[in-house]
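Participant: What TrEMBL shows for this protein is this:
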type: BINDING; residues: His53, His101, Asp186, His190; note: Mn(2+) binding site
type: DOMAIN; residues: 30-108; note: domain 'Manganese/iron superoxide dismutase N-terminal'
type: DOMAIN; residues: 117-218; note: domain 'Manganese/iron superoxide dismutase C-terminal'
Amino acid sequence: MLSRAVTTSARRCRALASSRAPTRAFVSAKLPDLDYDFSALEPVICAEIMEIHHQKHHNTYVTNFNIAQEKYAEAEAKGDYAGMIAMQPAIKFNGGGHVNHALFWKCLTPPKDYALPEGELLKMIERDFGSLNAMQDKFTAATVAVQGSGWGWLGYDKANKKLAVTTTANQDVCLSTGLTPILGVDTWEHAYYLQYKNLRPDYVKNLWKIINWKNVGENLKSAM
């Protein structure tokens, strides 16, 4: 009788624990609005590219990121560790696509609003690279040389308190390199091919005409 009572009690405890199994809530990602019209970056980036890039590509990353997060949360609630691990590549890829693009849009500004970097940002660029032109040359060379699809970055090295140029493949985030991103450039073909065809160097060089240095400076302050 005692054994049967203990067994029954154990079952009740397991059932109670199961009914109280926590389900981790996640914050759904949302496609951010642009601070400018699709045509505002012309002639550097045409309206057709901007609309497709933002409404199709970025939106797809957001949608798939949310799906992956939901499936991960469901697996976590069930204690399905294999399922949790299986969702990590999708979270990394689509989450990176969302985070990277959200920063990229902010780093761009219409040509009429372009202004050179100033203040602490300019001082650090000149200290760490010698000049703005030297930094741009180094950034352009590294970004153009990305094999396949990826990103070029100007990041802040918190350990050494310096700026540095780096790249990542696919949708890997800049933080994976140990740097906090303050400027990012998309080198996936969907970012430029309709306008520049296979001339990635022209695309990257022309982007310097529409970099939002005010935003990059704000990113630096946050990183520091």
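Placement of Cβ uses the backbone N, Cα and C atoms for every residue, glycine included.
In TrEMBL, annotation is done automatically, which means it is predicted and not curated.
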Participant: For the recorded Mn(2+) site, whose residues are His53, His101, Asp186, His190, find every other residue on that chain with a C-beta no more than 8 angstroms from the centre of their C-beta atoms, and list them by sequence position.
Facilitator: His54, His57, His58, Phe104, Trp188, Ala191
Participant: So for His53 (Mn(2+) binding site), how many other CB atoms are inside 10 Å of its CB?
Facilitator: 22
Participant: Averaging the per-residue pLDDT over the domain 'Manganese/iron superoxide dismutase N-terminal' (30-108), what integer do you get?
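Facilitator: On average, pLDDT over the domain 'Manganese/iron superoxide dismutase N-terminal' (30-108) sits at 97.
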Participant: What is the three-state DSSP composition of the domain 'Manganese/iron superoxide dismutase C-terminal' (117-218), stated as helix, strand and coil residue counts?
Facilitator: 49 helix, 24 strand, 29 coil
Participant: Output the one of His101, His190 that, of all these binding-site residues, has the highest number of other Cβ atoms within 10 Å of its Cβ.
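Facilitator: Max Cβ neighbours within 10 Å, all protein chains included: His101.
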Participant: When you measure from the Cβ of Asp186 (Mn(2+) binding site), which residues in the chain that are at least 6 apart have a Cβ under 8 Å away?
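Facilitator: His53, Asn100, His101, Phe104, Trp151 - these are the non-local Cβ neighbours of Asp186 (Mn(2+) binding site), listed in sequence order.
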Participant: Just to be sure I understand, if DSSP states are collapsed into helix, strand and coil, how many residues of the domain 'Manganese/iron superoxide dismutase N-terminal' (30-108) fall in each?
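Facilitator: Within the domain 'Manganese/iron superoxide dismutase N-terminal' (30-108) the tally stands at 62 helix, 1 strand, 16 coil.
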